[in-house]
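Trainee: If you scroll down you'll find the structure; I have some questions about it.
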Amino acid sequence: MSKKLNLLQDKESTLLRKYMIPSVLGMLGLSVCILFDTMFIGHKIGDLGLAALNIALPIYNLYSAIGLTIGVGGATALSVAMGQKKFHRVNRIFTSAVFATIIFCIIISLLEVFFLDKIVYMLGASEATFLLAKEYLKIILAFNPAFIFASAFIVFVRNDREPKLAMYAVIGSNTTNIVLDYVFIYMFNLGMFGAALATSIGQLVALGVLSIHFIKKNNTMHIEFGGINLDNIGKVLKNGVPSFLNEISAGFVIFIFNIVIYKFEGDLGVSAYGIITNIVLIFMAVFNGVSQGVQPLISVNFGAKKEERVKEFLRLTRIIVLILGVVFLGMGLLLPNQMIGLFTSDRGRLLSITRQGIYLYFIAFLFNGSNILNIAYLQAVEKSKESSLLSTLRGLVFVIIFIIVLPRIIGVYGVWLTIPVTELSTLLLFSIFEIKKKKI
C-alpha cells in the first residue's frame, strides 16, 4: 500500500486517513503500556503503587522527548529533502540522527549507574513510595535504549512510507506488555519490578519489528559509514526542539503537580493524579498521533512548494482535533466513575478526589489538540523558532505561572484548572499571532 501513495498528488483526505490512523496507533504505544502497568499495579499493589508509578512517569516523558526530538527532527529534514528531490542527503541525515541517539542513551545509562537514588528522590518520592519507585525505575532506566530507539524509529519508518509497519510494531509491543504484566505481576508476584520488566520487553519487541524496515532493500534510509555530520546533527536537533519541549514539559508538569498535590492531599492525592495522568496520556497520544500523522504530508508538500495542499491538510486536521476534544471532554463528564474503576476498586476518598480532578482537568481537551497541531505544523514547515517559543510558553512558562497563582486563590481547584487555563492562553496567543501576521 505505502509504495503506491503519492504524497504530492493523491487526495488530501485519503492521504490523511492512511497516515493518521497508523500514526495514532503508533503514538498510543507507550501510553497503553503505561496504562496497563497502572491498572495491574493499582489493583494488585494499591494506592502507594499508583503513587510510585506516577513518580516514575517523567522518565517516560524524557524518553519520548529524546526519541521524538531525533525522530521528528530527522524525519522533518528527510521529508523536506525528499520534497526538494535532494536524495543524496537522506542517508547522511539518518546516520547522524542514529549517532545522536546513541550518545543520549549512553548519558542516561551513566546517570542511572551513579545517581539512581538521587533521581528517585528528585522525582518526588516520599519515604512511603521510595522503594517502590526505585524498584520500577531501575529497570526502566536500564532499558533506556529500547525506549528511545523505538520512539525515534517509529517516526522514521512512518515517514519512509511504511505507516502500517510502525502500527504493527506498536501492536506487538502492547500485546507483549499486557501478557507479561499479568504473568509477572499476578502469577510470579514480581510487583513493580515485573511491571517495569514487562514494559521494557515490550519495547524490545517494537524495536525488533521496526528493524525489519531497515533490512529491506527498497527502503529510503540506510546507515552510511562516514556519514556522521555535525551540521546534520544540529539540523535534526533544531527541528526536533519543539517535540523535545512538548514531551519534557509534560514530564515537568507531572513532576510539579505531584509536589503541589501532595501538599493538599498527601499520597492519596498523588494516586488520584496518577489515575488522571494515565487517562490523559491516552487522549494526548491520540492528539499527538493525529499531528504526527499529518507532519510528513505537510513537510513533503511544503518542500515541493504546494501551499494549497498544505493549507488543506491543516484545515482537515483542525476539524478532527476539535471533534476529538469535544468527545474526550464528554467522556470525562459522563463516565468518570467507569474510568476510575479501571485503576482502583476504592469507592471512598480516592474516588472523590479523582472525579473532582477529571471534571476540571478535562476542560483542557477543548484546546490542547489545536495547540499540539499548531506546534507540529510550525515544526513541519521548519519554523523551529516559532514552534519552540510556543512549546516553551505552553509547557513551562504558563504552567509555572498558573500553578503558582491559581492554587493560592482557589486551593486544589486551582491545581486541576492549571492545564485548561494554560492551554486556552496558548491557543489565544497563537490566534493573535496568526491574525497579526495576516494583516502585515
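Each Cβ is built from the backbone N, Cα and C atoms, and glycine gets one as well.
Sequence annotations record features per position, and here TrEMBL assigns transmembrane segment to 21-42, 62-81, 93-116, 136-158, 165-187, 193-215, 244-264, 270-290, 319-338, 358-377, 389-407, 413-433.
Explain the structural surroundings of these features, please.
Mentor: Among residues of the same chain six or more beyond the transmembrane segment (21-42), those with a C-beta under 8 A of the stretch's C-beta atoms are 49-50, 53, 57, 60, 63-64, 147, 150-151, 154, 158, 163-164, 166-167, 169-171, 173-174, 177-178, 181-182, 185-186, 191-192, 195-196, 198-199, 202-203, 206, 274-275, 278, 281-282, 284-286, 288-290, 292-293, 342-344.
The list of residues near the transmembrane segment (93-116) in space but at least 6 beyond its ends in sequence, with Cβ under 8 angstroms from a Cβ of it, reads 62, 66-67, 70-71, 73-74, 77-78, 81, 134, 137-138, 141-142, 144-145, 148-149, 152, 156, 221-225, 227-230, 232-233, 235-237.
Taking Cβ pairs closer than 8 Å, the transmembrane segment (136-158) reaches residues 19, 22-23, 26, 29-30, 52-53, 56, 59-60, 63-64, 66-68, 70-72, 74-75, 78, 94, 97, 101, 104-105, 108-109, 111-112, 116, 119-120, 123, 165-166, 169-170, 173, 192-193, 195-197, 199-200, 203-204, 206-207, 210-211, 213, 221, 292-293, 296 in its own chain, all 6 or more past its ends.
Among residues of the same chain six or more beyond the transmembrane segment (165-187), those with a C-beta under 8 A of the stretch's C-beta atoms are 21-23, 25-26, 28-29, 32-33, 36-37, 40-41, 44, 150, 154, 157-158, 193-195, 197-199, 201-203, 205-210, 212-213.
Same-chain residues lying 6+ beyond the ends of the transmembrane segment (193-215) with a Cβ under 8 Å from its Cβ atoms: 29-30, 33-34, 37, 40-41, 53, 135-140, 142-143, 146-147, 149-150, 153-154, 157, 160, 162, 165-166, 168-170, 172-174, 176-177, 180-181, 183-185, 221-222.
Residues 20, 283, 286-287, 290-291, 351, 354-355, 358-359, 361-363, 365-370, 372-373 of the same chain lie 6 or more positions beyond the ends of the transmembrane segment (319-338) yet place their CB under 8 Å from a CB of it.
Long-range contacts of the transmembrane segment (389-407) within the same chain, counting only residues at least 6 positions beyond its ends with a Cβ under 8 Å from a Cβ of the stretch, are 241-242, 245-246, 248-250, 252-253, 256-257, 260, 264, 371, 374-375, 378, 413-415, 417-419, 421-423, 425-426, 429-430.
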Trainee: Taking 3+ C-beta pairs under 8 angstroms (sequence gap of 6 or more) as contact, is the transmembrane segment (413-433) in contact with the transmembrane segment (244-264)?
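Mentor: Checked: the transmembrane segment (413-433) vs the transmembrane segment (244-264), in contact.
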Trainee: Near the transmembrane segment (270-290), which same-chain residues lie under 8 Å Cβ to Cβ, leaving out any that are not at least 6 residues past its ends?
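Mentor: Distant Cβ neighbours of the transmembrane segment (270-290) are 20, 23-32, 34-35, 38, 42, 47-48, 50-51, 53-55, 57, 124, 129, 250, 254, 257-258, 261-262, 317, 320-321, 324, 328, 339-340, 343-344, 350, 353-354, 357-358, 361, 365, 368-369, 372-373.
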Trainee: Do any residues of this chain, six or more beyond the ends of the transmembrane segment (62-81), have a C-beta under 8 angstroms from a C-beta of it, and if so which?
Mentor: 30, 87, 89-90, 93-94, 96-97, 100-101, 104, 108, 144, 147-156, 158-160, 220-221, 232, 235-241, 243-248, 251, 292, 295-296, 299-300, 302-303, 379-380, 382
